[in-house]
């Protein structure tokens, strides 16, 4: 199995041991975060979704068993491997009863560590394949980050109600997908979802689109047209870029919301409508109200329930999932056998700033698939702005040769032991002769 995008948290109050493990695991291609106490580990688990936790049993303040219990309370699905000394195997048995997936005896045998990690991750992935992922893929939303999980929980809470929803987020973050998810999860899901981008139309056209018009109401009105409010009757009306509408349209929209009735352009007939309204904007409407550009009463009518859609910068851990999702789509569409991204290309995607958010990522992946002549997308197929993104030192996903990794780990152990080769070999679980042989390569 590949190790790209697998996040491991190492928990140990021995900083030197943490550093050695980090170098080793990164050399095997894993993403590694460190925690030097149980408290730090819990903070990180709250902030990030990890694929696996590697936790020492003997720690000051909060031991490994207590840390394990708290981690399982926060996320029961996360696999935890416990590290223990020979003298505390009974503690390892207790850890297994508490929910640990397996345990490792210290000093660690690197081959056994690698095999145990592979086994634990394979076990987790087989469970994931049998249970629905927290991606809301039925709504076209992909992600496992805490920010995405929070968004999905908000959607689940808001959807069953009849409350008006105001969705705020930068352009390209997927505000319409959120609106569609709310509608699809609501009691109105069998009725129409009607959408309209308010920024795409001038005032007169927007009025006609929203409320409809009679035949002959204006030049070109050769037949009567029902507006979007009437089309959405019984269902949901989604108005995108609501912050761009004119003062006159704000007045008309406010009346429609308050009275639950509309009037076609050129008609005196009042039409009652039963519509749930969802609006979206990239603007700060509270600031627009303070500046006098948006009506305060309309703002309060719209902002009954507010949902903030995170930018792609706020959910970077979802970028590999999103990139893979788009890659599969465009590879099928272009009938290309694309296997994936090179580690360098994925590094660039993860560290790029994404001012255009998900829409920009989608376009970048489509472009790369179209230009690709090989099997893996590299930096050559990415737009220049992305390909020139600086990668912070030590955060590359490139996999180092095993010989280099072993040498780094041995040097770290020697530094920890003050250059004592015998002690370094003992802590690494190898003979002094083996240590010297590996150093000389």
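Cβ atoms are placed via backbone N, Cα and C, with glycine included.
The range from 401-420, 421-440 that Swiss-Prot describes as DNA-binding region is residues 421-440. Swiss-Prot lists 172, 173, 329 as ATP-binding residues, and of the candidates 295, 301, 359 the one it assigns to that same site is 359. Those residues noted as binding ATP (172, 173, 329, 359) have their most widely separated CA atoms at a distance of 19 Å.
DSSP classifies residue 56 (4-aspartylphosphate) as strand under the three-state reduction. For the DNA-binding region (421-440), the list of distant contacts is 107-110, 403, 406-407, 409-410, 413-414: same-chain residues at least six beyond its ends, Cβ to Cβ under 8 Å. Following the DSSP three-state reduction, the secondary structure of residue 359 (ATP binding site) is helix.
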